[in-house]
Amino acid sequence: MAFVLSLLMALVLVSYGPGGSLGCYLSQRLMLDARENLRLLDRMNRLSPHSCLQDRKDFGLPQEMVEGDQLQEDQAFPVLYEMLQQSFNLFYTEHSSAAWDTTLLDQLCTGLQQQLEDLDTCRGQVMGEEDSELGNMDPIVTVKKYFQGIYDYLQEKGYSDCAWEIVRVEMMRALTSSTTLQKRLTKTGGDLNSP
């Protein structure tokens, strides 16, 4: 019994030690959740995207900001968090519930919430307590404007099935970009300036 307790204690220490302290957003669990959320979004497909071509719109995904080198190290975590929070907010609405299979939608919202909780666990550790006011950060404002454009589009289209299908495809792009950012952070140990 003492051996088992020692082993468990060692595992806890390793997970909170230098190797495990790269920040919760770099965890393997977060990457698995991200892949599962993309898989769920793919399964939510109800219409052929080709039948909705007339409703296409360029929402202006700040892809080069998320996937490129435009983000500073201290901006990457807040941008990732904001992308996930806005995605959750989009799918956790009454209009969304009416548009999608509720089982898949609930699983997606649960997965996004899990990612947010994982990120929130070390929010202060990664950003510093003094940096927690992020509303004025330019990249965050860019992400918020991007999602506001999606909300405006859905409202303009009367939350039609085709509008939701276009948004579903767009959200796959957005979450793929955020996953790319997570991978970059994982490869560099949180330092975006590393080669």
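Quick reminder: no glycine exception, Cβ is built from N, Cα and C everywhere.
Marked as signal peptide by Swiss-Prot: 1-23.
Residues or ranges marked as disulfide bond by Swiss-Prot: Cys24-Cys122 (among others).
For Cys162 (disulfide bond), the same-chain residues 6+ apart in sequence whose C-beta sits under 8 angstroms from its C-beta are Leu47, Ser51, Cys52, Gln54, Asp55. According to Swiss-Prot, the disulfide bond annotation covers Cys52-Cys162 (among others), on the basis of similarity to another entry.
Using a 10 Å radius centred on the Cβ of Cys52 (disulfide bond) and all shown protein chains, the other Cβ atoms total 19.
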